[in-house]
């Protein structure tokens, strides 16, 4: 088939475009041979419109490139495209980058990385684990995939590897190299960042500071190349690294282009100029230095130079650079800055000479910083030395030459410092271990072309020419190897060879050779070198060219582009010369670092230079012969080694290193120049793709067979194109060849290989077109027949319906006619009847209306007459009363005038009489006569007046008191009781006022003035009383208002408290879950450390055995080996001694603790209970305080009643706590007194036996002792502080055994405790009553609601106090338990005989005989046989075979029966040793069989059962509720093992975690093939990946797992756990964790594999998930706990299958995918790939719409990780599950063969 036959109507092609480079178009008509133009429709851009145009084919008649089918758009590998050309590559990269946010794409063996200019969450440790161990091409493209491929090839082939990262400035080369290093540190280290990586990362700030600068393209452009070589050991772990640098851009030190900066370190240093430690450097802002302000760019947006400098200093410190060296580095950098500010002036005499003033500030500063003499350096800045045969001449320099000399020295100084720092970094990364292999990471600049290109760009492009040549050769080699491996016929692929361009540059008489020759010429210049180039290469090389009008530049045609180089400056940059005299001055510096930097390798001495000015402006220098020879030799050496030679040598070494390794390529692309995130500039991208060799890779692939599919994939994909006679079932290759012979007649268009079919470019697209046409034709055929069937059925139904409708219509019409006739006759009758009715009704209405009107009219007239008569009668009455009132008024007025006249007359007469009396009174006789009898009476009246005055004062005080009471009423407001008091006080005051009134009335006749005053006082008091009454009413009103407000506030407080309690409960539950998870992680870490300790211990034992063997049998070894063995043995001996000392210390401490009390464990539990009680108290106080604060915040300032009530309650509570602590101390008195028994005398007797000393108890008669004396004797007997020795039974020679009447003693103690308890309860009752009174007093004015609220609060606090008292009572119960043990020991003491032999006998038998031994349910063993028993029951117990025929949990029951015997024996040492042996045995099994599911499951079930038995038989009420009466009799009676339960719980958690790891490790290889890759539903096939990975990286023998195999494995685990008796709750937790791991691993792989995100694959995954759900239901695990872990897979499948077009669809997706975070939803939408032409792609606008809706609905989910955490583990719990078996039913099976156990 000809290619022109493909250009038919509606064919999609690419046409050139000035803006987009290439633009999509569609053919309007078929193309015919000979057509010069074709009509096309160009696709619209964004919101534009399509346009029609004609495309001119030109003279070559080259047709436009074809577009790939939709199913190939967005491929992971560019070489998988059917049509391989520039527009296809560009469009595929743009689609992946912009629409899918995929920054990585394969191009054969090259990884194309596009800088996103945004932070992406694809570099976490989860991604590292996901790509670790995976072959290249299995996952989506990633930098980790390239790093994993390099690591795998290094470990598999044992060959060194190289990763070459190239790209232009700002493309992301450094970041890619950094992530590669991080990946190597993770897979080749300890999982975290290794030490080497930390040092390399610490070197990054240093290298960026001294080697990076801001350019017009990048704010942090690397201005040098580097090659980091990472060394690995034989175990492929990182052991060291080494760095090599290439071509530092030294010219940037002295000059920068516009909007560019110098190296970062200068600006960082200038940013700290004001810091005290840098004052000696005399720094200034960067704008004041010449070398930092040339580019007119001082600062970078978003960069803090001062902070960056701190990071640089910190990095220096991490790499071991001392502070002394750091200060010298900063001195040198400051000196370079000051050197640029040195003012070189021209002489004023008109000559071209120049000079530097000795007072130049910057010169003096520079020289002081460098430790050199200023005058010498100033001289050699302006002069140069010329050496002849006879003498040395010193000639002056021109101004420009002096500036050049200064700048050359600055560049040289910086380059030397740069090399020294790199050496320091390499020393920090060096290692002493032997390097087995290495991986090199090359971070080097890409191809560069600017408006003005000079020597630096020439060297960079020369290096890229060499790298491109190596790249092409490697790609060609791999392509040919693939063809040979598949045994197909192939022809030599012609690829572009850039060897002629390389020869032009580096061959003899090439560009570099001529440049070096010109540099050796004394009078060589750039122009003469250019002329030689023109003459030599202009006509002989096709890669060399020049402009006709210019002789100062030349062109070199590189592989990427044609570049123009300006010859100016080539010679100077190549020479890179610095005056020897300046270097000699620097070598003589007083600072060691500076002198070392510029010192020759062969000479370490200083060079002394003496200069003087001679005649005629020349100068002579006298130097020693040796120094002159050394300087001359050094100069010749510098002359022979130019910059070009040095770079050529380093490049040759680099290429040799790369050629000796297997290279891997990463090409970094800069998408735009504006640093916009996920914005693709097609023009810039095409330039870089051409420059980095990606298009060359495409061209080489297109020249061969780029499309490669396996036979199985081809058969599954193109099954629709096959006919039955072509299919050979057992031979897929034959089938494919048959169909291809028919479809593609040209034999050279494809080649069948051993495992694959190789297609030429475009053939896959042709096959896809045939497949789409076939499917379309089939669809049309199906549509035709379906439509015919539908329309035929529709016609038959319509015909049948028409007949029925006609019949029904005709009947309906007949019925309508009959109905009309009937209605007409009926209407006539109704009309006649209706008309008569209407006439009669109208007549009646008129008649009735007439009668009504007449009646109303007659009534109206009668009422009018009645009103007239009534009005006349009333007028007469009014006239009568008015006339009477006027007569009475006149009479009254006359009477008042008469009375007034009489008063006036009588007053006149009285005045006359008063005048007469006054005259008489003036006479002495009359006065004496009057006063004779009135003196005593006057004195009495005076006394009464004084008393009245005092009473007035007291009344005033009482009035003031009344005012104060009124103020108290205003302040209290709500206090009802105070108001009542005020009322009583008012009554008393009224009574007093009444008494005062009586007194005033008595004295009224005696003193009128006093009477008036008292009356006035009384009026005031009345007013006050009225005011008080009014105030009382106001108070009552305010009280009601306050009560209403308080009710509202009370409601608010309750609501806030309820919400706060709910939130607190939720927070506590969350904290509990987190604490449980953290606790389990700590257990996991503890087990890991314990396992490491065991491994070290085993190695120590092996070394000991080896040492013993060598010392006993081996021949003597050399002296060195003997010394090392001696040292090792000595160290081991020292460690053993230390362990023995620690053991002795522990034993001593245990002994001391035993001496401290007879029942240490009970005391510890008492202490823990007290601490728990204190914690509860603290929580209670905090809760009260929070309630008080909330209540106080809601009340106003005037309502302080609640606060005062709360303070009083707090005081009472504190008093209550004091009383309670006293009671607790009294109750714990007895527990503190007993002492441990003498272990040497009594053997197995515990320390709780109360035996007195003979010396202390002799001559004491208990019968004569009273209560106080007996108590004193008891204290004396049990006084531990009086004697440090232990109490023991002292048997005298007379065999006298001292006995104490224990009953009397205990009754005394109990009576005292009971009395104290009663006193305590009375005190509590008194406190409660007093508190109740106070509360009732304060609540008097609050009404019923407040009183109820306070009573509720008090009842709640009382209940809490009661809980605390209950805990105290529990401690009292424990104390009584100890008393019972004391009674038991006393009875045991009474059974002793006076014989010494009977005292020394074993107490276990007596202890056993004292109990009911008929049905004890124990297993008896001998003391010391614990190891043998544990060996039989735990270590040698095999779950398989032996355990199948036994009851579940048999070892747990046996172990607990042993524990019961130890408890029955009442021997703490015995029970501790047994428990320790059980713990040690289970841990040994866990360590030995940590990878065997059977052992982990068996012992997890038995550990849980043992833990439940410890709870069930502990004697605690909460665990005995479900136990039978028979089981209750088996409870432990002597020891409380509550402290050992957490230990066994931790062991169970550890077993659970290791069980999960075993299961996950077993099923992890099955998850992805079974859940994602296997096609469970036959006939639903998706597009194959078509990855062109290297065959060496592919695992073709991988097992094809299915869901059935996965479920079979899970069923085996489930059945085994059921056989082992594992509880159903625990099984649910196990499979919950397992299914979470399945979901996480499946979803994580789906998120990084594009081919798994399509409609058909979603159907497969959903079906697989349904099989898992069905298995869960069959296993009785189908509850929400386990099934919910599969929700992410279900939602991901639904997301791939739902419609994705409209706004409604976006809302549906947001509401449906609740178990996926926004990043996962968006990533799945971006990865959706159509597998057929009829499937639509997800629009970018829709993805952005979903993203915005998710951001609005889930604002807090922005920081969620893309991948699920595969290491996450749920917190495990062990709910209490009592056993229904009796311990007597458990027997020791004969299979165990344990003869040491005896059933008791």
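Placed from the backbone N, Cα and C atoms, the Cβ positions cover glycine too.
Of the given residue ranges 1340-1367, 1368-1395, 1396-1423, TrEMBL assigns the label coiled coil to 1368-1395. In TrEMBL, the feature region 'Actin-binding' is placed on 651-673, out of the ranges 628-650, 651-673, 674-696, 697-719. Counting only residues at least six positions away in the same chain, the Cβ atoms of 215, 217, 218, 221, 222, 445, 670 sit under 8 Å from the Cβ of residue 169 (ATP binding site). The average per-residue pLDDT of the prediction over the coiled coil (1368-1395) is 55, rounded to a whole number.
Around residue 171 (ATP binding site), the same-chain residues six or more apart in sequence whose CB sits under 8 Å from its CB are 113, 115, 446, 668, 669, 670, 688, listed in sequence order.
Most other Cβ atoms within 10 A: among the binding-site residues 167, 170, 172, that distinction falls to 167.
Same-chain neighbours of the ATP site beyond 167, 168, 169, 170, 171, 172, 173, 174, judged by a C-beta within 8 angstroms of the site's C-beta center, are, in sequence order, 115, 218, 221, 222, 446, 668, 670. Long-range C-beta contacts of residue 168 (ATP binding site), restricted to its own chain and to partners at least six residues apart, with a cutoff below 8 Å, comprise 217, 445, 446, 447, 448, 668, 670, 688, 691. When the binding-site residues 173, 174 are scored by other C-beta atoms within 10 Å, 173 scores highest.
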